[in-house]
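The annotation transmembrane segment is assigned in TrEMBL to 12-29, 41-71, 83-102, 123-142, 154-185, 206-226, 232-252, 259-277, 289-311. What TrEMBL lists as domain 'EAL' is 347-587.
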Amino acid sequence: MINYSAVKIKRTLLALLICFITIPLSRFISPQIFLGENQLYLVWLPLSAMYSLLFIFGRYAVVPLIITFAIDNTLIVGLALPQAMILLFCQLIPVLVSCAIIRFQSGRRWRSGLRGKHWGMRIFWAGFFAPLLLKGSMYVVGQFFSFPVAMSGYFGHISIIYTIIDIQSLISAGLIFTALFYYPLRMIISPRYARVFWRNHCQPCLAYGHRIFTLYWFIALATILFVLCTPYISDLIAGYLVPLIFILYFVGIGRLGQTLIRILWSISAFLLVVYHPNFLHGVSIEYSLAFVLSVLISFTVCLFYMADIYARSERMRIRWREQAGETSRVGALNMGQGQIPERSSEQLHLLRQVEHAINKGSLLLYAQPIQNASGEGYYEILCRMRCGNAIIMPQQFIPLVSRFNLSQRFDMQVLEALCRVLHHYPGKHFSVNLLPHTLMQQDSAAQIIMLFKRYNLAPGTITIEVTEEQVFSDIEISMYNIQQLRNFGCSIAIDDFGTGYANYERLKNLQADIVKIDGCFVRDIATDPLDVIMVKSIIEMAKAKNMKVVAEYVETQEQRTRLLQLGVDYLQGYLIGKPQPLSELRV
């Protein structure tokens, strides 16, 4: 039986041991600069170490941090006990408050890595709120208590510009350099994590097709850092190489991944501020230093934001490929033309069931409502397959349908099944999602138009949903099919919009009637300000082009309220209504 008390004690003691090593070390290596008679921290690294320990150990790090900073303030800084305790309060309370807020907003897994869907909220509370609260508390206590002359400047007895630089040094520590401690400490504590990190984040960069880029990128980075950190000072080095390192990191986002970029940037930034003759070339007054630090902070936010956006789009791309069967399409044979690859008996059985259901037309149509604020709207058609008494769900059959060239047959059967019963629902409007591979078939648009004519349906009664990649792809057949459907009069909706294939040049030339905002931007819309910014920009773009906007995955009242405030026209999700059999839809 596990002795949980012993486990907690071991964790606390381990955290205490690491605190005793990390906190003094971080203070010792914190880079400083002299401006006139004032000595200032460029980065106060104990703040980075605090966040790292709290993210790793959680509540078990609180008592060790209190003990360590109490000893550090008394013995190393040399403060009297009352002064040391006051400083301890100013150092720890803002950090603990910010972590508590992050824990409250993110849930129990608030410590799961330095990246994630709540990264924007983490940046605000840990990177900006805590430093401002820390400095504010020091300023307040400085009005009531006296401190040694050497430290009085940190408590407000100094020019306002130096106070701004102090705040920037704290923001830099929380924002940029937490990764400098977090990942090495996790690897030291858990060698298994080090192996997982190598496999997930390093090996992909060394894979075939990536290793050449990785090699040249690291050579370029090492060269730039070497020149910038060399004692030789030159206007040319400072003027041209400093912007170049920013460009280099933006180029590396797409190949190196979000986590590796964060770690490498923290290392690079540390070297730049420690060996700073060229990086801070020409900085002789406090105003220049404040400007340089603000640029460093701004670039970091932009870099992390772009890395997060790319990571999101990459996850969506992988999800789409899995659904479309692209990862396994090579070597997969047409069901009617040859043998299928070796598979488990369960997969083979499911594949036969799917093909049988398509051949027999055993499809069950479901309808999910898409409504505006007044409850008016239309329905998206979803599909299930019936095999005997069993029901096969989309997540089971869609990958197989796509992988074995059954997409067009499946989509046409869904459309025809809807067309056959559409006269039972006068005045109702529906939308049907086409699989990506369907649009790659030369005659897909012609077959769809033929169905409309055969059942004497107006083109506007059914909206055709296509993926963002299909709209923006360079595949001539896909673009031809979409254009033919638009020319016929069908409305076109772009599904999963915002997952990474669009850019502003393409958006300008976008030809569609409806934009469906992907759920990855909707899930945290009530708490993540970055999602609000992205959704708002999509809405403004759509309105400028007279397109309607649908938000997917709406599951809470808070999401609904926020989306309607931003200007979304229609909402879709379990809050609005779950899919129900089309036959049960009220006429």
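Placement of Cβ uses the backbone N, Cα and C atoms for every residue, glycine included.
Keep in mind that this is a model prediction, so the values were computed, not measured.
Beyond its flanks by at least six residues, the transmembrane segment (154-185) meets 18, 22, 26, 38, 40-49, 51-53, 55-56, 114, 123, 126-128, 130-132, 134-135, 138-139, 141-143, 145, 147, 197, 259, 262-263, 265-267, 269-270, 273, 286-287, 289-290, 293-294, 296-297, 300-301 of its own chain at Cβ-Cβ distances under 8 Å. Here the transmembrane segment (206-226) does not touch the transmembrane segment (123-142). Their Cβ atoms form fewer than 3 pairs under 8 Å, with each pair 6 or more residues apart. The listed stretches are 12-29, 83-102, 123-142, 289-311; of these, 289-311 has the most Cβ pairs under 8 Å to the transmembrane segment (259-277). Across the domain 'EAL' (347-587), mean pLDDT in this model comes to 86.
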